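Each remark here refers to the structure printed beneath this line.
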Ligand SMILES: Nc1ncnc2c1ncn2[C@@H]1O[C@H](COP(=O)(O)OP(=O)(O)OP(=O)(O)O)[C@@H](O)[C@H]1O
Ligand SMILES: [Zn+2]
């Protein structure tokens, strides 16, 4: 059950204030959230999933605590250059050349690839999913405002933000030094008044395919400006939460803040950053080439195990990727999903009545889960609460029949909190049934199959019993004979 009155006791870590603070939205009961989305020039990797899952859980938790959330996340389909120093080729164009596709074909190909990966991971669809190329007008308007206020200047057909005109530049990351200038071509450096100045608009050289008319000639927007233009357009002045990966703090988020505020807008009120997914201690990233795509991982693992792996560490902690990590995620997830299955299996035949002591334990686990989320969305602690519940429920079910109302209260914790908030127990992965709503049908059919197998065995028709079991094995179902009779598992 989701609260109807918004919970006033949510605390989150605000990167700008460098501490945990109480979350108070501008409009009571409503949250506007913006998340920097993918640059759609290749398939998503597990690092991208860490970010998407982190913010999906934050969104789901806020919804659970009674807030109505508008969740905006962009698609970068222009302007993200191969290095951060306003130099190098547009990542999308480089890919288009490589694959011999139209740039927009590249964008669409990888956009849909991203959507299908996110669906597999049970990530809620954004409320609005704007694209940079669809918001050129808004970006130009913002740049014009910056020029008219004296915070940007045109130079050789490009436009740069004038960092020296904005003393607040650097307030998010605390970085003031110029470490952007290195690697920049002399030509680009020569266009800037200060090497730290960043591009708002870039002149399109001859042959540059993605190009638009602007007051400064034909060109294309810089990467940072799209996020300011689209977040302000869809979430308004002083919107609540801006999120993204820690690696985007500088220069991307720093630039977003400077250009939005210098243009006279109140920008995001809270800044949230997820930490990195690493491999051998290094950030997994497309450009380093040390990545594993979600598509590959989804071929090998249950999507819910991937999701479990990601939520089992806190969003502000590093998650190290390894085979061992997947192994323990698989067994942890199985323990929870099997407990839920057992509860749902017993529910239809459970006696009426409740068990007050067990009810109190269930309520305590529920509270522990919710308290963990109120405390900066502490998902590992929330999962620990589900394990506590699992231990108590397994013990109670083994000891004898548990009343239906009590079973139902426990089921509700798994489904509403583990399912609704952490996004688990969905798809093919309740451990037993294909879909949550198909679970009773699959269970009933499996009951019949196991009964048929028992009958063969009783009639000493062992060949037929074995054949049935082998057929089940072929479709990934394992049958175990326990002291309480046969059990199956997928
Ligand atoms: N390893 C990672 N762990 C967590 N978040 C990540 C990771 N890699 C990328 N992200 C996040 O995903 C979003 C998109 O990142 P981006 O497209 O720059 O990916 P990338 O692999 O770092 O690519 P590149 O190497 O080309 O910069 C950003 O918000 C970024 O913080
Ligand atoms: Zn952004």
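A Cβ is built for glycine as well, from the same backbone N, Cα and C atoms used for every other residue.
Computed from a predicted structure; not experimentally measured.
Counting only same-chain residues at least 6 apart in sequence, those with a Cβ under 8 Å from the Cβ of residue 36 (Zn(2+) binding site) are 73, 74, 227, 243, 244, 245, 248, 252, 253. Among the features that TrEMBL reports, Zn(2+) binding site is placed at 36, 227, 252, 256.
Feature annotation from TrEMBL assigns ATP binding site to 286. Under a cutoff of 8 A between CB atoms, and with a sequence separation of 6+ in the same chain, the neighbours of residue 286 (ATP binding site) are 42, 45.
The domain 'Cysteinyl-tRNA synthetase class Ia DALR' annotation in TrEMBL covers 368-433. For the domain 'Cysteinyl-tRNA synthetase class Ia DALR' (368-433), the model's pLDDT averages out at 91.
Feature annotation from TrEMBL assigns motif ''HIGH' region' to 38-48. Beyond the ends of the motif ''HIGH' region' (38-48), by six or more residues, the same chain brings 75-77, 80, 91-92, 94-95, 106-111, 113-114, 117-118, 245, 276-277, 283-286, 291-295, 297, 306, 321 to within a C-beta distance below 8 angstroms of the stretch.
Residues annotated as motif ''KMSKS' region' in TrEMBL: 283-287. Outside the motif ''KMSKS' region' (283-287) by six or more residues, the chain places 42, 45-47, 82, 247, 276-277, 321 with a CB less than 8 A from a CB of the stretch.
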Measure the Cβ-based neighbour count of residue 252 (Zn(2+) binding site), defined as the other Cβ atoms within 10 Å of its Cβ.
19
In sequence order, what residues of the same chain, 6+ apart, have a Cβ less than 8 Å from the Cβ of residue 256 (Zn(2+) binding site)?
224, 227, 228, 231, 242, 267
Got a sec? Which of 227, 252, 256, 286, the binding-site residues, have CB under 6 Å of any ligand 1 atom?
286
